[in-house]
Every structure is written in structure tokens, then in C-alpha cells.
Amino acid sequence: MRFTFTRQFLAFFILISNPASILPRSENLTFPTFEPEPYLYSVGRKKLVDAQYRCYDRMQQLPPYEGEGPYCNRTWDGWMCWDDTPAGVLSVQLCPDYFPDFDPTEKVTKYCDESGVWFKHPENNRTWSNYTLCNAFTPEKLQNAYVLYYLAIVGHSMSIITLVVSLGIFVYFRSLGCQRVTLHKNMFLTYILNSMIIIIHLVEVVPNGELVRKDPVSCKILHFFHQYMMACNYFWMLCEGIYLHTLIVVSVFNEAKHLRWYYLLGWGFPLVPTTIHAITRALYFNDNCWISVDTHLLYIIHGPVMVALVVNFFFLLNIVRVLVTKMRETHEAESYMYLKAVKATMILVPLLGIQFVVFPWRPSNKVLGKIYDYFMHSLIHFQGFFVATIYCFCNNEVQTTLKRQWAQFKIQWNQRWGTRPSNRSAAARAAAAAAEAGGDNIPVYICHQEPRNDPPNNQGEEGAEMIVLNIIEKESSA
């Protein structure tokens, strides 16, 4: 499968040959024509030759025109094939995708006049097809590309900052340590590395036309690690889904050795499709810096990723099913029950990446397509920010741990530097609050609400289901 959002980034890649300002100006609305990269240019020429061959073969195979009245003969205009057309009819086709400066979503037209002759341009009196709408670099499209470009930079920058802070919290506070948090830390790390590589690519490779023309090995290595970290990111989402689903159907894993399978799936398996893609890309579609998305070889990576997302989608449905079932058993009000189910679903969606399954295709309508672009790009680039916020900063146990640490810090500060009597009483209250917050107890629900000394494997299936129920309910209320 080819993700629809990757095609949108093609607009960014195209900008590499035009590093100067290309937004519309009142004194100059003429934009330079994109100079294709050598490999992509040869691919486009091959597409053009193949289309011409198919056109002439088609013209020979089609039966003679059987309509009444004058008509325009079937023809090849140098770019596209046109069938026999009745007089007075405007033929319309989608623009070809031979070169990057062609927008295949736009339309090309050719008019057959009333006398049955293809329209001729008045300036040169030659047969003319209208390809003007095929230009991929109109001011509006370029401005939209710039907006998406800076949206990507801002989103991934904010994701890196929040994820680094979240990862630091999980690493520093050992009381938060458990298998589920270990999975969180690994997934956070993939978000951080993936966002860093994307920013490097957008800042150093995309605007540098000279670098892309030279086609150094380093930019292809960067692309390899970008694809690898992207795959790792989605497979660690799958690990999170497997772990949560396991809490429902079997008892909770307690031995650390089980984590090795998650490490193998999250870090090891993505190497397989990424390596295969790199080898086949070098052999069969070796474009400059591997920036083109017009190749089916991307299915090698995106196929397994899509499978992981679909599996997580079914995990989500089953988790919500269990949540609704348990709330029915507790005889909660129906409206409140469904409200909690919706909240739990919204909490799990950014963790499991389900939005890419729910909205897999871009609408063909221009307005809806633009809305889809901004919506999906916001989810993609800010997903790390959302995950860090929901699963760390809004987590009750993390907040309790931070409050306890802050209270202890104030106590130590006051003891070191001395305080007035009123401040001493405040420090005493802070100490009492810190002790009440949990002391040395293991976190309550971030680690499945397991008491430290109780064997987790004795809870059975129902106990495991209630653990997940408590996790989701408390995180959704955070």
C-alpha cells in the first residue's frame, strides 16, 4: 500500500530545484519550469514512449467511427491519446504523470469544433490540447506546499521536545518502571529518531538541489534510516496493541524475558522489509536520493506497516468491546457508558495509529482534499506530541510522582536554606502530601494496578480484563 500522505510530500521534494522564493509576487507571476532529475527524466521519457506505443496500437484496434455527422479523428497529440470525438464536444482526460511538474489530479482538454476539426491555437494555427491546468506549480499549490512544509517542521520539533521530556521522566523516576512503560519508552524513542531524521531531510536535503543532483550515497543512507525508523515506529505501535490485547485474553506477563519478543518485533523485523526495499530500489528504481514516491517498490515497506495497522485496528475494536461489556455488567447509565467508550477509543487511537486505517484515501474533491491534507498532516507530524501528552503528561501516576518529587525538593530546599515559621508549616504539609501520594509504593495503574507482592499471573482472564479497564478508564479521565 502507498500512504496517501507520502504523495503530498512530493511537492516538498519538487521544490529542491527552486530554492529561491517562489511564492507569487505582484510584479512576477511567472514560475520557473521544474528541471527533472536525470533518472526521473528518463523514467518520464520511458512512460511517454510506452503511452505513444499503446496509443497507436489502440487506434489500430478500435473499429471505425460509427456515429452520425462530422467528427474529429483519433489522434496522438504528442502527450496523450484521443479517440474519435463528435463535433462540438470537449474531450477531457486526467493529466499524465510523466514528470514531477505534472499534476495527475488535474484535467487536460481537447476541443473538436463544429466542423469536425481539432481546435487550433490562434497564435500558430496548430492543433492544440489544453495542458495549462496540468502545471503542478501554480501559486496556490506552492503556497499550500509551504504551509504543509512548515507544519511538518513545527510538528516534529514539538514532538521531539515533548517526547524527550517524557522519556526523561520515565527513565529518571524508576518507580514508574514496568513492562508497559518499557514499551512506551521504546515507542517514544522511535518517534524521536524518526522526527529527527525527517527534520534533517526537510532542512538539509529538500532545499538543496545541488546535493540531490550530485546524488551522494549519504542521502540514500539517510533515506534508508528514515524508512527503517518509520517502520519501527509503526511496529512498536503494534507491540503496544499486542500488549494491551494480551491483558484481555491471557494473564499479564511478569517475567522480563517476554520483552525480548517485543524487541525483536519492534526493532528487528523492520530491518527485513527496509533492507529488501533498499536493494530493489538500487537495482530497479535508483532515482536521485530516492526521493520519488512513484514506485511500487514502496509496497515492500508500506505493506507490512499497513498489516500492522489493520491488526491494531482489530485490537482496538476488541478492547472497546471488553470495555463496553464490563460497563454493562456494572449497570452504568447507557449514555455514560458510551461516553466512556468513546473517550477510551480516542485515547487509544494515537497510540495504535488507527487514524491511518480509518482515513486511508484522500478525497478527490479539492476542498475536501485540502481539509484531508491538513487534518492528516497534523496527525502525522504532531502524533509524537499527542502521544507524549496523553501517555505521560496527562497520566495520573506521572503527575502524582512529579508532585511528590516537587514537594520533596521544596522540603530539602527549605531545610538547606532555612524558612520562616509559616514556610515550615507549609513544608510540613507538603511532606505529608508527599507521603500520602504513595511513598515508595509502585505506581498504581500505569503498571496495571498490580500490588508489588501479589503474583500477577493468578488474576485470571477476568482480572486481566479489569486491569485493562482500569488503565483505559483512568487514562481517559486524566
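These residue numbers are counts, starting from 1, taken along the chain as shown.
Cβ from N, Cα, C; glycine included.
The signal peptide feature in Swiss-Prot is assigned to 1-22; the stated evidence is sequence analysis. Among the features that Swiss-Prot reports, topological domain 'Extracellular' is placed at 23-146, 203-219, 281-296, 360-367, with the record citing a curator's inference. Per Swiss-Prot, N-linked glycosylation site is recorded for ASN28, ASN73, ASN125, ASN130. The disulfide bond annotation in Swiss-Prot covers CYS55-CYS81, CYS72-CYS112, CYS95-CYS134, CYS219-CYS289 and is backed by similarity to another entry. The transmembrane segment annotation in Swiss-Prot covers 147-169, 182-202, 220-242, 260-280, 297-320, 341-359, 368-394. Positions annotated as topological domain 'Cytoplasmic' by Swiss-Prot: 170-181, 243-259, 321-340, 395-478.
Annotated features taken from Swiss-Prot, shown on the structure.
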| residue | record | Cβ contacts under 8 Å, 6 or more apart |
| --- | --- | --- |
| CYS72 | disulfide bond | TRP82, ASP84, THR85, ALA87, CYS112, GLY116, VAL117, TRP118 |
| ASN73 | N-linked glycosylation site | TYR65, ASP84 |
| CYS81 | disulfide bond | ALA51, ARG54, CYS55, ARG58, MET59, ARG74, THR75 |
| CYS95 | disulfide bond | PHE102, ASP103, PRO104, THR105, GLU106, LYS107, VAL108, TYR131, LEU133, CYS134 |
| ASN125 | N-linked glycosylation site | none |
| ASN130 | N-linked glycosylation site | VAL108, THR109, LYS110, TYR111 |
| CYS219 | disulfide bond | VAL205, LEU211, VAL212, CYS289, TRP290 |
Using DSSP and three states only, what is CYS55 (disulfide bond)?
helix
Starting from the Cβ of CYS289 (disulfide bond), draw a 10 Å sphere and report how many other Cβ atoms land inside it.
25
Count the other Cβ atoms sitting within 10 Å of the Cβ of CYS134 (disulfide bond), across every protein chain shown.
21
Over all shown protein chains, what is the count of other CB atoms within 10 A of the CB belonging to CYS55 (disulfide bond)?
19
Could you put numbers on the helix, strand and coil content of the topological domain 'Cytoplasmic' (170-181), residue by residue per DSSP?
9 helix, 0 strand, 3 coil
Measure the Cβ-based neighbour count of CYS112 (disulfide bond), defined as the other Cβ atoms within 10 Å of its Cβ.
22
Do the transmembrane segment (368-394) and the transmembrane segment (147-169) share at least 3 Cβ pairs under 8 Å, sequence separation 6 or more?
yes
